[in-house]
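Engineer: I grabbed these lines from TrEMBL:
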- 1-95: region 'Disordered' (REGION)
- 54-71: compositional bias 'Low complexity' (COMPBIAS)
- 72-81: compositional bias 'Pro residues' (COMPBIAS)
- 148-158: compositional bias 'Basic and acidic residues' (COMPBIAS)
- 148-170: region 'Disordered' (REGION)
- 242-589: domain 'Kinesin motor' (DOMAIN)
- Gly340, Gln341, Thr342, Gly343, Ser344, Gly345, Lys346, Thr347: ATP binding site (BINDING)
Amino acid sequence: SENAGNRPPAVAASSKDPVPTSAAKRKSETPAPGSEVGAKPAKRPSRPTPPAPVVSSAAAAKAAAARQTPQPRVPVQPPPAALVRSATFPSRPGVGDLEAQIDVANEELMTLTEANEGLQQRLEAEKLLYTKELDELRSALQAEKAAREAEARAHQETKQVLSEAQAESERRATELRAQKTELEARCAALTATESELRQNKAVLEATVAARELDLETLAARGRAAEELRREMHETISELKGNIRVFCRVRPQVGAAAERSLVRIPSGQLEPMALDLVGPGGAEEGGATAAKGAPRKVDTQRFKFDRVFGEGASQAEIFHEVSQLTQSALDGYKVCIFAYGQTGSGKTFTMEGLRGDYDKRGVVPRAAEQMFTTAAELKLIGWTYEFSASFLEIYNDELRDLLPAGAEAKGKASVPAKLDIKHAGGEVHVPNLRSVPVTDAEQLSRLMDAATRVRATSATKMNEHSSRSHYIFRMRLVGKNSKTGAETDGELNLVDLAGSERTKDSGVTGDAMKEASAINLSLTSLGSVISAIAAKSAHVPFRDSKLTHFLQTALSGSSKTLMFVNVSPSEKHHQESLSSLRFAAKVNNTETGKAEKKGKAAAGGAH
Ligand SMILES: Nc1ncnc2c1ncn2[C@@H]1O[C@H](COP(=O)(O)OP(=O)(O)O)[C@@H](O)[C@H]1O
Ligand SMILES: [Mg+2]
């Protein structure tokens, strides 16, 4: 080891180094500079120190032996050369030699002791070193051991984790195998379903082909049925007459409600008669009157094509009207009037309540019917083109309620006066705008526009509307691509001005003019209808703008319906009576056979 290498060879040095002479030794007691041993105080040991057990030098043993048995003559090993030289010094030869020997031995002993001490120290140092080294090694070993143990633990943990992972993956594998099996089963099922579906599809395709054939047959039958319906409608019209009158009694509402003057005889599913009790007769009660003949002298009975009581709904009304509006699609000219005093329900019947779907009147319902029926008739080859006009007649003047730009919101200009012209035996109004319409919603927007225009020409809308006639006209032109048939129908829905007579004889100016214009046109309407019904040679169409405008629509080949609207209240008795009389007169007229305009279908039924 390094320590061993560094260790000085103390023993060998002591035996090889020249032993100092006794003189030198003595001299050395007063140390001389440069003396080798003089560096340390050469002290004679008072007592010979027993040699350390570790020192086993031969010189030490000899020295010990010499101390125990000091025999002068005892032959000792030959003295070293120095000793021999000193022996030649003249002194007391025996003692001197011994003393010298003792000195030498002592010197040797001291040297040895010193060496021993050095060795001891070195030994201690080395021991310390080794101990330290050992401690270091031990702690290193412990650290190593701890590291190994930690490593082992880590390994153990890793092993645990790995075995868990393995278990998990085995579980997943099992799961996946199960899923695979399931999917395979499903796949097989789907394949089976697919082939089943293919079979079904084939069957269905065959069925569809068969159905398509059926559909063709049905469409042909539908056309035949449609022809039959039209024929039957014509027959019914012939039987009923082409001028029909319906009476509608408006309900009394609110606090103003009083006993009704109107009795509708019971026992009829579709009432056709009405009794108007005289003033003051309301207290008589409806029950007796309803039994049959009116008892009071001033109670009068009127007969109409239909009578609608106070409870009749808008839907019921339209149900009765729909046959007629339908015939406009068949190519007829149709006119529906609402006649009656102001407040009797004309506008309610024709237009209905805006914004209340159930209470919408004949105009919006007829429009809906046109579009719905046209869509149905399309299936059997019909295509229709609709166009609408709105106008009013005020003070015997015609005004377009739908002038160009009327649909745009904002202040509309007061409509211009229109003239009625004759061309080719037909009446027509140049400049009366006719707007093509494709659906009920568009038509409803046009109605709103017409209402706005109408309002601009009047400061008091309600008064104005009761003093003018309002006409909605729709033209319906149809063509059948399968049969080649064509139709050209027209629907005129007219909300007439109030029929009330102006009682105040003092009325002058505008009011007088208005009243006489209304009176003239309504009287003229009655006369025209009567003349048509009587097949009179002369029909006074030109007596009023109203009848003139409606000439074509009212002539013998048309269908006319008049609603007479009456109020059942006592205070309106006189007006109700006069309305009912007017309507009864119109109703009792016989009319000619209606003809529809248009080209008959090839091989048509009529
Ligand atoms: N059959 C009815 N059912 C409910 N309310 C009605 C009926 N007829 C008329 N009215 C109401 O009576 C009032 C006057 O009717 P309206 O149609 O304006 O009369 P006209 O147009 O003949 O002057 C309106 O408020 C209307 O809503
Ligand atoms: Mg009105």
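Keep in mind that glycine also has a Cβ here, set from the backbone N, Cα and C atoms.
Where the annotation comes from TrEMBL, it is an automatic prediction and has not been curated.
Thinking about packing and proximity, how do these listed features fit into the structure?
Structural biologist: Assigned with DSSP, the residues of the region 'Disordered' (148-170) fall into helix, strand and coil as follows: 23 helix, 0 strand, 0 coil.
Taken residue by residue with DSSP, Gln341 (ATP binding site) is part of neither helix nor strand, so it is coil.
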Engineer: From Gln341, Thr342, Gly345, Lys346, Thr347, which binding-site residues have a C-beta atom under 6 Å away from some atom of ligand 1?
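Structural biologist: Near ligand 1, sequence order: Thr342, Gly345, Lys346, Thr347.
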Engineer: Let me know the DSSP-derived helix, strand or coil state of Thr347 (ATP binding site), please.
Structural biologist: helix
Engineer: Per residue, counting other C-beta atoms within 10 angstroms of the C-beta, which of the binding-site residues Gln341, Thr342 reaches the highest number?
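Structural biologist: When each Cβ's neighbours within 10 Å are tallied, Gln341 leads.
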Engineer: Across the domain 'Kinesin motor' (242-589), what does the pLDDT come to on average, as a whole number?
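Structural biologist: On average, pLDDT over the domain 'Kinesin motor' (242-589) sits at 86.
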Engineer: Return the members of Gly340, Ser344, Lys346, Thr347 (the binding-site residues) with CB less than 6 angstroms from at least one atom of ligand 2, or none.
Structural biologist: Lys346, Thr347
Engineer: Residues near the ATP site, Gly340, Gln341, Thr342, Gly343, Ser344, Gly345, Lys346, Thr347 excluded, by Cβ within 8 Å of the Cβ center?
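Structural biologist: Once Gly340, Gln341, Thr342, Gly343, Ser344, Gly345, Lys346, Thr347 are set aside, the remaining close residues are Arg250, Ala338, Phe348, Ser466, Gly498, Asn565, Ser567.
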Engineer: Got a sec? Which of these binding-site residues, Gly340, Gly343, Gly345, has the most Cβ atoms within 10 Å?
Structural biologist: Gly340
Engineer: Could you tell me which of these binding-site residues, Ser344, Thr347, has the greatest number of Cβ atoms within 10 Å of its own Cβ?
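Structural biologist: Result for the most crowded candidate: Ser344.
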Engineer: Using a Cβ-Cβ cut-off under 8 angstroms and a sequence gap of six or more, which residues of the chain neighbour Lys346 (ATP binding site)?
Structural biologist: Ala338, Tyr339, Gly340, Asp495, Leu496, Gly498, Phe563, Asn565
